[in-house]
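Chemist: The following feature annotations were taken from Swiss-Prot:
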- GLY64, PRO65, GLU66, SER67, SER68, GLY69, LYS70, THR71: ATP binding site (BINDING)
Amino acid sequence: MSDRKQALEMALRQIEKQFGKGSIMRLGENTDQQVSVIPSGSIALDVALGAGGYPRGRVIEVYGPESSGKTTVALHAIAEVQKRGGQAAFVDAEHALDPKYAKNLGVNIDELLLSQPDTGEQALEIAEALVRSGAVDILVVDSVAALVPKAEIEGEMGDSHVGLQARLMSQALRKLSGATNKSKTIVIFINQIREKIGIMFGNPETTPGGRALKFYSSVRLEVRRAETLKQGQDMVGNRTKIKIVKNKIAPPFKTAEVDIMYGEGISREGELIDIGADLDIVQKSGAWYSFNEERLGQGRENAKQYMKENPAIAAEVEQQIRDHYGLNGEKTVTVEGEDDEVLSLLDDE
């Protein structure tokens, strides 16, 4: 072995001794990265995400207009983690979490860790401490817009605090990203939408908290209401579109459409009818839906109700859909060539 190679090997051993195994490696040793994913709680969203759920050890941003279903999407993820025996935490910066609604969605509120911090700094320090513990499987911060810097809270009404929140988020994400990857915690940041002033062309919408979150997020979901669902004159829920605007573990720009029912969350039966009909697992003839020559009902709402009343049929349809897409619980996917970033046009602001 030449002196140069010997010197390099000694340097590599010294680096690994000081900083731990894996702190430096040859590029060819780790071209494919194994990423464990956990189901999102929505079959349609799992399909759109490509990998079958949310990746562990990554930052995820869920944003959209008010009352579009952002918190509902996050709560379903918490319920899925808890079903698998995982520990979940919710940092409620908006002080608006409804325990009754969370319970209806399948969240075990007795086991859910809840923090309602006073300042943005406090919220992010709590989040960092939980992630670094390595004992939390999913952490939700609701919302970035409500992470008010201490200086703004203690200042006078009308004082200008330009860029404070963006700097706070940038610093927090620099500290959080490495710890998140090591602890394999799923960190979900819920965010709101703001309008940029004076934009004549292009999309005037942006998200608070600066650009850092856009760059550090492996997955960004845009949640929007498409239409209101009615039964007679009563409004019972929303048809909601979830667009994957950034995805570093699978191809982006796919869309999932779900029914979010008031007080119940994402309608499992609605997803089974829609995806089942697309795959011809559920047959549609005119307005009638049927499965294995058994009629489910006339019209989508009646078919949904029939599935709700017959859980065995719903379970059979769900299993066939899961088998088709390979969505059977928590799994590991291989991320190839995760070079830089797969950014949406929204990131080029």
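Glycine residues also receive a Cβ, built from the backbone N, Cα and C atoms like all the rest.
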Chemist: Relative to the Cβ of THR71 (ATP binding site), which residues of the same chain, six or more apart in sequence, are found under 8 Å away?
Modeler: LEU97, ASP142, ILE190
Chemist: Where does GLY69 (ATP binding site) sit in the DSSP three-state scheme?
Modeler: coil
Chemist: Let's check the environment of SER67 (ATP binding site): how many other CB atoms sit within 10 Å of its CB?
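Modeler: So the Cβ neighbour count for SER67 (ATP binding site) comes to 11.
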Chemist: Would you list the other residues of this chain near ATP - those whose C-beta lies within 8 angstroms of the C-beta centroid of GLY64, PRO65, GLU66, SER67, SER68, GLY69, LYS70, THR71 - in sequence order?
Modeler: VAL223, ARG224, ARG225
Chemist: Please list, in sequence order, the residues in the chain of LYS70 (ATP binding site) that are at least six apart in sequence and whose C-beta is under 8 Å away from its C-beta.
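Modeler: For LYS70 (ATP binding site), the qualifying residues are VAL62, TYR63, GLY64, ASP142, SER143, ILE190, ASN191, VAL223.
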